[in-house]
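According to TrEMBL, the features are:
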type: ACT_SITE; residues: Asp47; note: active site, nucleophile
type: ACT_SITE; residues: Asp49; note: active site, proton donor
Amino acid sequence: MAQLRVQAGNIQNDFIYLSHNRKVPKKMSSIMEMKEIFLNADAVCFDVDSTVIKEEGIDELAKFCGVGDAVAEMTRRAMGGSVTFKAALTARLGLIRPSYEQVQKLISEHPPQLTPGIRELVNRLHQRGVQVFLISGGFQSIVEHVASQLNIPTANIYANRLKFYFNGEYAGFDETQPTAESGGKGQVISYLKEQFQFKKVVMVGDGATDMEACPPADCFIGFGGNVVRKQVKEKAKWYITHFDELLKELEER
């Protein structure tokens with residue numbers, strides 16, 4: 001596809017006028033720009049809960065520990081951006097207080113379910129030589145299980161770490177991890193760009209914390225295949241509901 005070049009100072013109303021006298025709506029132009037970044041990305045970073053997997057891992061852990069309803073409401077507020085992520089995480093874990101045994105039992109008895117299309121999408125990205133990362137406000141042990149199903153190395157995981165006492169009882173979480181903070185996913189992406197000299201990085205996710213990571217991400221793709229966050233759907237320049245939409249973009253080019 002020939003690259004479209006916008007003439008400076010020639011923007012009127014809701015249309016962008018192009019050098020060959022064609023015009024396209026501004027929103028369409030933005031989506032086209034996002035698609036070009038995606039197709040030329042050095043790395044694609046995925047959120048995990050309600051994006052790569054169908055569930056919210058912390059909600060599943062809460063249900064397993066008998067406090068599901070209260071924690072689910074906290075998660076909805078956190079994903080909508082109405083409270084800081086760290087405050088919400090602290091409050092939710094304070095209610096759940098999961099033991100090491102409970103976490104391991106959850107993974108073995110109720111393993112996370114991959115979102116349809118994600119396995120094929122990650123495989124295709126790998127075939128193109130694109131680095132794939134999982135950046136999650138969820139928990140390392142659960143995310144590692146997900147990564148193993150997608151052939152994503154553990155080194156490409158950035159997630160929160162639960163802490164336990166010697167007897168396996170809950171002892172808190174590692175508050176030094178960037179993913180424990182609002183804006184932490186953006187910190188991770190900045191680090192990846194600096195560490196690996198990535199020029200174009202894409203962030204894909206369902207929540208406000210994912211959208212906040214762009215910038216430094218060069219493109220944010222909102223995902224509503226498992227749950228639709230109103231704020232994200234309204235503000236994301238590119239919003240999808242199935243990973244086949246991204247796979248199709250890769251197959252056509």
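For all residues, glycine too, the Cβ spot is worked out from N, Cα and C.
Sequence-distant neighbours of Asp47 (active site, nucleophile) (same chain, 6+ residues apart, CB-CB distance under 8 A): Leu134, Ile135, Ser136, Gly137, Lys185, Met203, Val204, Gly205, Asp206, Gly207, Thr209, Asp210, Phe223. Asp49 (active site, proton donor): 28 other CB atoms within 10 A of its CB, across all protein chains.
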